[in-house]
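Undergrad: Encoded as structure tokens, here's the structure I'll be asking about.
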Amino acid sequence: MTVGVTLPPPTPTLRVEDLNVSFRSRAGHVDIVRGVSFDIAKGEVFAIIGESGSGKSTAAQAIMGLLPDHARVSGGLLLGGEDIAHISARARRRLLGQRISFISQDALSALNPCTTVGYQIAEVMMVHRGTPRRQAMERAVELLALTGISAPEERVNHYPHQFSGGMRQRALIAMALALEPELLIADEPTTALDATIKAQILELLSSLRARFGMSVLLITHDMGAVARLADRLLVMYAGKAAEVGQATDVFAAPQHPYTRALLRSMPRLDRPGEALVSIPGSPPVPSNPVAGCAFHPRCEQMGEVCMRIAPEEALLRDGHRVACHFASREPTDA
Amino acid sequence: MQVFLRQAILGILVVLSALTLTFILVRLSGDPTSIILPQDATEAQRALLREQLGLNQSLVTQFLSYLGNAVTGDFGKSYFDSESVTSIVMRHLPNTLVLAGASLAIACLFALPLGVMAAVWRDGPVDRFVQVAAVIGASMPSFWVGLLLIQVFAVGLNLFPTYGTGSAAHLALPALTLAIYAFPSLARLTRSSMLEVLPQSYVMAARAKGMPESRVISRTVLRNGMVPVLTLLALEIGNLIGGAVLTETVFAWEGIGRLAITSIQRRDFPVVQGVVAYVAVGFVIVTFLAEVAIRFVNPRLRHK
Ligand SMILES: Nc1ncnc2c1ncn2[C@@H]1O[C@H](COP(=O)(O)OP(=O)(O)OP(=O)(O)O)[C@@H](O)[C@H]1O
Ligand SMILES: [Mg+2]
């Protein structure tokens, strides 16, 4: 980005500063998220990708303050510039559902089987805004219609088990949008769906994001989804950010060996038919951390320094950051 | 609807088997005339009494006429005071219902909240207490609990009468005995079914929607966790009637449990048969009501 005059950067919707999460276990504390920092700008789709167990969901839950009591969380969290890391449980509750919404991977188990879908949507408005039930249910019908559910007047009184998988995910999205949040956290929103439905849901998310002008934190394994939706992305490995940058930059010129391996290992919609290469070895077990760079045992570029020293994140350009001793160090213009 | 039809048929079968089994078992227990008549009665006197009681007819004839009458709600008259069985049962039944209801209420009052708290604060002090209390409660036979309570509260502290029927004071100790009998299974099931619901992602989703914790527990966790508890409650009522037999005997509480015991002892066949029939019908109705309640709580079953 080349700008003539230096403007003060706009306040990001979410700023995460040096987020650390560890879980207490019998063998002491296990570090799951280790010093992750990123900003999500207003209206931006920010993706986090990484292998299973890298700490993506844990980071999302830490942002929402929903981790269990045996988790220890540190770091800064700013929502629209306000500190949300050090607030009361009551203040956090008012935030969730209103300013931050969450949709989870498994839409069936994310809906209460004993209550109608409509009531679960209406409940958000009833509890947070004191909307009368009748009005809230009417709004739920509108929201269901907005997310593309046909016959919403009827559907609103149905129970989750009467919905198909795709419809449940739409209902969850409707619920998340009820109070027009600034930030939508979507943890693998399409994993449980088949390809056609997956595409529809991504399309829906993308159009609704534009319509409501909200920011989206998208956690996914799906490179197709990242390529289609994400403005920026963070590649997570063993609880750390391996690489952060504009999605187009990272796709075009991945700097971290892990990112390159990951891109080769994941199917991409824009390059169908390309042979997939799985990453040899397996990620470290959190209870038994690797010395030096966590990726070095699996790295094709590994040097002697990697076994001793964990690389710092280095800024390349345009907010493109990489944590690798061997990343091409070009002078930064930031 | 089909489910209810199946339930109804099953219920009729249960009652029929209960009627048949009692009919056979009471007749295996011996000859009533040896108890009703004095020891030195002649064989002719006995034969006469048997004829009056209809016991000289063939078993098949007896069984058919008994079934035929039972369908119309007529279980005959007691051998001893010629009062109709139905009116005897109806005189005792309210006492048992009061006892079972009070003890179930006491058990629920403690077991449900404690079970929920034990699950929510797992491994905390409440959880420890519930676990220990459940083990102790389950390992004490109810007649012994009854005697213990009499010893402490009636004899020692002189707070309640030792035995008898009628007032709330009379009700206290037998109801407590039965409540202690029902508590362990109820508390443990409540705890375990709450523990099953708590890690579900819809509970996390409810928190992620910003629902207050009290609402998360009451609306989401309790409603989902209540389904197995309701099923158990229905069985528990059957258990309580079983437990009532002993407890009523210990406390001389004039309920149908005690009625059954005294009637068995004096071979009052019609009363025994009547008591079992009414209990069986009651049990079937309670099970049916529980099934309806479960369907009300769990919509997944409602639409199947
Ligand atoms: N409540 C918890 N207590 C203890 N350890 C936990 C807890 N939640 C997660 N973990 C551990 O944290 C690590 C990261 O889990 P997390 O769910 O964040 O991974 P993820 O990147 O979301 O993986 P996936 O792609 O499979 O969803 C795992 O090793 C997991 O065992
Ligand atoms: Mg996850």
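Every residue, even glycine, has its Cβ placed from backbone N, Cα and C.
Automatic, uncurated: that is what TrEMBL annotation is.
As listed in TrEMBL for this protein:
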type	residues	note
TRANSMEM	B:7-28	transmembrane segment
DOMAIN	B:93-294	domain 'ABC transmembrane type-1'
TRANSMEM	B:97-120	transmembrane segment
TRANSMEM	B:132-156	transmembrane segment
TRANSMEM	B:168-187	transmembrane segment
TRANSMEM	B:225-246	transmembrane segment
TRANSMEM	B:275-297	transmembrane segment
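For each listed feature, how buried is it and what is near it?
TA: Outside the transmembrane segment (B:7-28), and at least 6 residues removed from its termini, the chain residues within Cβ reach (under 8 Å) are 59, 62-63, 66-67, 70, 264, 267, 269, 272-273, 276-277, 279-281, 283-285, 287-288, 291.
Beyond the transmembrane segment (B:132-156), the same-chain residues lying 6 or more positions past its ends with a Cβ under 8 Å from any Cβ of the stretch are 114, 162-163, 172-174, 176-178, 180-181, 183-185, 187-188, 243, 246-247, 249-251.
Residues 3-4, 7-8, 11, 14-15, 18-19, 22, 70, 75, 89, 93, 223, 226-227, 230-231, 233-234, 237-238, 241, 256, 259-260, 263 of the same chain lie 6+ residues outside the transmembrane segment (B:275-297) yet bring a C-beta within less than 8 angstroms of a C-beta in it.
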